[in-house]
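Annotated in Swiss-Prot:
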{"type": "TRANSMEM", "residues": "22-42", "note": "transmembrane segment"}
{"type": "TRANSMEM", "residues": "51-71", "note": "transmembrane segment"}
{"type": "TRANSMEM", "residues": "87-107", "note": "transmembrane segment"}
{"type": "TRANSMEM", "residues": "154-174", "note": "transmembrane segment"}
{"type": "TOPO_DOM", "residues": "175-787", "note": "topological domain 'Cytoplasmic'"}
{"type": "REGION", "residues": "213-279", "note": "region 'Disordered'"}
{"type": "COMPBIAS", "residues": "218-233", "note": "compositional bias 'Basic residues'"}
{"type": "DOMAIN", "residues": "450-646", "note": "domain 'FtsK'"}
{"type": "BINDING", "residues": "Gly470, Ser471, Gly472, Lys473, Ser474, Val475", "note": "ATP binding site"}
Amino acid sequence: MAKKKRKSRKKQAKQLNIKYELNGLLCIAISIIAILQLGVVGQTFIYLFRFFAGEWFILCLLGLLVLGVSLFWKKKTPSLLTRRKAGLYCIIASILLLSHVQLFKNLTHKGSIESASVVRNTWELFLMDMNGSSASPDLGGGMIGALLFAASHFLFASTGSQIMAIVMILIGMILVTGRSLQETLKKWMSPIGRFIKEQWLAFIDDMKSFKSNMQSSKKTKAPSKKQKPARKKQQMEPEPPDEEGDYETVSPLIHSEPIISSFSDRNEEEESPVIEKRAEPVSKPLQDIQPETGDQETVSAPPMTFTELENKDYEMPSLDLLADPKHTGQQADKKNIYENARKLERTFQSFGVKAKVTQVHLGPAVTKYEVYPDVGVKVSKIVNLSDDLALALAAKDIRIEAPIPGKSAIGIEVPNAEVAMVSLKEVLESKLNDRPDAKLLIGLGRNISGEAVLAELNKMPHLLVAGATGSGKSVCVNGIITSILMRAKPHEVKMMMIDPKMVELNVYNGIPHLLAPVVTDPKKASQALKKVVNEMERRYELFSHTGTRNIEGYNDYIKRANNEEGAKQPELPYIVVIVDELADLMMVASSDVEDSITRLSQMARAAGIHLIIATQRPSVDVITGVIKANIPSRIAFSVSSQTDSRTILDMGGAEKLLGRGDMLFLPVGANKPVRVQGAFLSDDEVEKVVDHVITQQKAQYQEEMIPEETTETHSEVTDELYDEAVELIVGMQTASVSMLQRRFRIGYTRAARLIDAMEERGVVGPYEGSKPREVLLSKEKYDELSS
């Protein structure tokens, strides 16, 4: 049923894509024919658009062209009522209105108006243009401009219509830019003001030098008159304070209102960037690999267990497979920013703390207020006011970052009323992602300032992801895997996935990047990790034979050897080991799993093997000290207590996160974590990417890396009392350590070992607290086995 549903969904999506492409091509064809005025059809469309927009008909044609390209490329109907587009409509309507006002001024001046009706005169001008009775007349703003002018002339007269058009242009600019008119004027006027000030100061310096030259020339001409120049000098001396007066007006620490940087504004500036597809290198088709003969000295190491040559026909998944972001306006949060800033300052003042809010960052999930304390104010004094500040702002909880790294300020993070969703597509579309060589670059989300947060897994080199159930941990892991699939081909990155929960990573079964099918049996997981350890040791043997130190050096060595000798030796791929739930593995085989993870985390970085370990139980018996010491990069989602936060990050803070993707990211080498709103990725998006990857290349699992079924083997019991103890327990049909101690007069340790050996061989059941163990072997069965 699931396959049928997936096929029907694919068929519907394909039909919808064809429909969008046809409509887009039709719009593009109409606009190009009309712009070039090709034949009768082109002239007809010109008349049609001139009727509506007059002399500005080209704007309609360009809009139709953009609409056609959008339908053809994005395969969806664009939203026509966004804030920016509403501003654009205001500007265009104002231009049409101004054009029509100017048209009727000219007609009135010439005396060409026969009727007082604006619409009728415009219609007559259009008919003259259609009939060709005169050279194509000026139609102003067309019929739209005529209707606007008729309404505005009735309400405001001609001059008032022009004023209203200018006001509408200003409103449109505010809507398009998303900034207040005051901010825009400040941005434009500040460089002009600086230029004028510099020129004025330069003019004052020139005047001073000119006056000093004049004084020196007068002294040389009249040396006998000494008093008069002295008087003049006294009159000229009071001028330098003008310079000081200029500097007194500058007070950078005094702000009437805090500077606000909005997350939504940053998103609109980055809206619909042009993403160029990476050009694949053009090369000849692969030839059959012939066994190398002769004394070739490329690699005389152990044989390659798994590597594959590049599939030239493989195409990377496009970003169009991911859903576009749906941003909320966060209008309520924007309105409350100034009020909250004043509340913070009043609260500080009431507790005798001199501090001022100077900058505010409106992020996706939280708003960060930058507070600059006065000289002599202790940081701890502000940190201790955490509960009082939360009470003043009526916030669920606040987090204080004291101080902000690189700034002499304290950050107060307040949850937003509306949480803006961050999509993986917008994170991967950022400029930071424009690095095709970084195969392990992963997208995490956006920080409070709205900047995309990406990280290179090979520089981490291992990652721990922990958080409570439902906090966004699985979505984060899916986002990391999808980021790698969007950037790397199967011969460049391989993956080993371990999923004891059996439902999170099963969707990736069949992708060509997998070394083995997703491991869902916890007993096989330790064996899979041991196979990765063996691969790491094999790689180090390769490095020692070739005289290289890491995977980058080895691959460069292979490239040089292939270029010089014409060989086809494949390069080593990176390996990413993903463990979705560490707690289950630690319950089944803690010692084996911990040993393998410890060895990999200590040594695997240079071999190109990287670990991503996720767990929803961040306790010390799961995230042991040995594991944590070797995994320096951590991501903490919302947890229930400060103890769990300290287990993950070695510091508090994660207990104050909001959930739903709100995380603290602590990269290697950083002193403090960065708060990030995680990128959301739906199940449908994951399925689309996986389907695309599978259609490009089928999975070829490596037999050496598939964990096998292991039969349990029991060593012989060396204790001579074992047979007698089994006979006693089967006869009594009850088993306990104390009974063996009494009957055989032995110590507790020896008796407990006998019971453990019986449990391994299925003679007795498991430990059940104060109750005696259940005897699983009947007396009749024992007699049969012994006879």
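Using the three backbone atoms N, Cα and C, a Cβ is placed for every residue, glycine included.
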**OP:** Might you list, by sequence position, any residue in that chain lying six or more from Gly472 (ATP binding site) with a Cβ less than 8 Å away from its Cβ?
**Re:** Phe637, Ser638, Gly659, Arg660, Gly661, Asp662, Met663, Gly678
Subject >> Contact set, same chain, for the transmembrane segment (87-107): CB under 8 Å, 6 or more residues outside the stretch >> reply: 53-56, 59, 113, 118, 121-122, 138-142, 144-146, 148-149, 152, 158, 161-162, 164-166, 168-169, 171-176
Subject >> binding-site residues (Ser471, Ser474), the one with most neighbouring Cβ atoms at 10 Å >> reply: Ser471
**OP:** Please indicate, using numbers and ranges, the residues of the same chain that are 6 or more beyond the transmembrane segment (154-174) and have a C-beta under 8 Å from a C-beta there.
**Re:** 87-91, 93-95, 97-98, 101, 104-105, 180-181, 184
Original post:
Quick one: what's DSSP say for Ser471 (ATP binding site), helix, strand or coil?
Top reply: coil
Original post:
Cβ within 8 Å of the ATP site's Cβ centroid: which residues qualify beyond Gly470, Ser471, Gly472, Lys473, Ser474, Val475?
Top reply: Gly467, Thr469, Cys476, Phe637, Gly661
Original post:
Gly470, Lys473, Val475: which of these binding-site residues has the sparsest Cβ neighbourhood within 10 Å?
Top reply: Gly470
Subject >> Same-chain residues at least 6 beyond the ends of the transmembrane segment (22-42) whose Cβ lies under 8 Å from its Cβ atoms >> reply: 49, 58, 61-62, 64-65, 67-73
